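The structure under discussion appears below in the form of structure tokens.
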Amino acid sequence: MAPAAESLALVRGGNRCEGLLQVQSLGQQGLVCGDHWGLGEASVICRQLGCGRALYVPTYVVWPQEAQQSLLQGVQCQGVEASLWDCSLGKWGSLNGCKCECIGAVHCSGRTGLASLGLRGGGSPCAGTPVIRITEGPVISCGLHQKEASVFCRRLGCGPALQASRPHLTGHPGWLGSKVISCQGTESSIFNCRFNLNFLDHCDLPTDSEVVCAGHTEARLVGGEHPCAGRLEVRRGLTWGTVCHADLDLATAHVVCRELQCGAAASTPEGARFGRGSGPAWTEAFRCAGNESLLFHCPRARGSQCGPGRDAGLRCTGEKFRLVNGSSSCEGRVELQVQGSWAPLCATHWDIADATVLCHQLNCGSAVAAPRGGHFGDGDAAIWPDAFHCGGTEPYLWNCPVSTLGVPACAPGNSASAVCSGGCNQGCGGGG
């Protein structure tokens with residue numbers, strides 16, 4: 001039984017079952033050197049604290065403020081001991097008088113939940129900027145080298161890393177080879193690697209490329225008149241390829257449009273309407289239910305063998321249209337939202353037939369007029385250079401033939417407008 005004067009606790013974490021190990025022993029109190037730590041030592045500590053099993057054993061390069069404090073060095077356990085006091089404890093010493101580089105930490109299963117990691121902004125959960133949170137401390141968002149990226153991707157269930165971030169730390173020239181996170185490459189989790197938070201404030205994310213894992217999948221539309229129309233190409237890992245027209249059903253088309261922030265699918269033109277792709281033709285088809293947020297989440301099955309000119313094309317609704325700066329939401333300047341931003345539409349080739357389709361689309365009746373020349377103001381954004389060529393009976397603007405104007409695309413202030421017969425104050429202007 002441990003003497004009353006001996007105690008241990010996990011401190012600076014989010015709860016009593018995670019944090020840096022602090023012990024009181026041999027008349028002294030302080031943190032523990034973690035240079036040679038592993039799951040053996042962590043298992044004993046978690047068991048002794050009644051915190052379940054050991055999950056992670058991160059180590060932290062000693063912070064300057066810890067340099068004068070005493071550290072317990074040389075702690076070694078087999079993993080079967082009933083308590084830390086049955087392990088080899090080593091001796092106390094200050095950082096200045098020893099060779100200890102890292103402080104030991106433990107994360108147990110008993111009350112965990114604050115540790116998290118992910119890739120952000122890369123088009124799927126398997127690509128993007130690494131974001132790591134270990135405790136209630138700082139969020140680590142810094143680039144990763146190849147070994148660290150490999151551990152990260154495996155932990156996410158995304159397969160091996162195909163591309164690391166090639167991070168660069170700003171500051172002292174001597175930091176060129178330094179890392180915020182250092183792994184051997186064989187760890188089961190990034191949380192078992194070494195962290196040097198002394199460099200955390202010097203991450204230069206704008207210079208870092210994204211981490212890409214083998215499981216990454218994302219979509220894009222190429223060769224169309226606007227970003228929400230074109231030949232469907234799918235990126236798997238680092239390679240872009242085309243999809244066979246026969247493998248693109250309406251449910252999958254809706255998911256692609258949603259992923260691209262382009263609303264819903266309007267049509268899926270067949271053949272080489274948007275040109276031929278230069279990459280491989282994927283023979284694996286997506287079988288989406290239609291409610292998925294990303295193509296990445298859709299099940300997959302064997303696809304078709306696609307011949308020349310049989311690439312899939314897709315037109316999305318372009319997100320939304322609205323009428324602004326009028327006396328009601330059924331009259332005003334025509335604006336469209338593409339990939340999250342609103343822009344006025346050019347008035348070149350805009351006529352009463354186009355306005356009629358838009359009024360019907362917005363549940364605002366029929367078009368009464370289609371004033372030109374910025375009748376309802378110019379707006380702050382650049383004018384969008386698409387021109388619609390509607391007959392007046394189409395259910396939606398994107399069902400009309402569309403062309404992109406040349407350069408200069410549209411004179412400043414020449415924004416399209418519409419006045420609809422509906423004159424409603426609510427319920428109009430949100431058609432998508």
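Positions of Cβ are set from backbone N, Cα and C atoms, glycine also.
Since the structure is predicted, the reported quantities are computational estimates derived from the model, not experimental observations.
Note: TrEMBL links Cys359 through a disulfide bond to Cys420 (candidates: Cys298, Cys306, Cys420). The disulfide partner of Cys298, as annotated in TrEMBL and taken from the candidates Cys288, Cys316, is Cys288.
Out of Cys400, Cys410, the record in TrEMBL bonds Cys390 through a disulfide to Cys400. Fewest other C-beta atoms within 10 angstroms, among the disulfide-bonded residues Cys193, Cys298, Cys359, Cys410, Cys420, are seen around Cys298. Taking only the Cα positions, the spacing between Cys420 (disulfide bond) and Cys390 (disulfide bond) is 16 angstrom. Listed in sequence order, the residues of the same chain lying 6 or more apart from Cys400 (disulfide bond) and placing their CB within less than 8 Å of its CB are Asp354, Val357, Phe388, His389, Cys390, Gly391, Glu394. Counting every protein chain shown, the Cβ of Cys346 (disulfide bond) has 23 other Cβ atoms within 10 Å.
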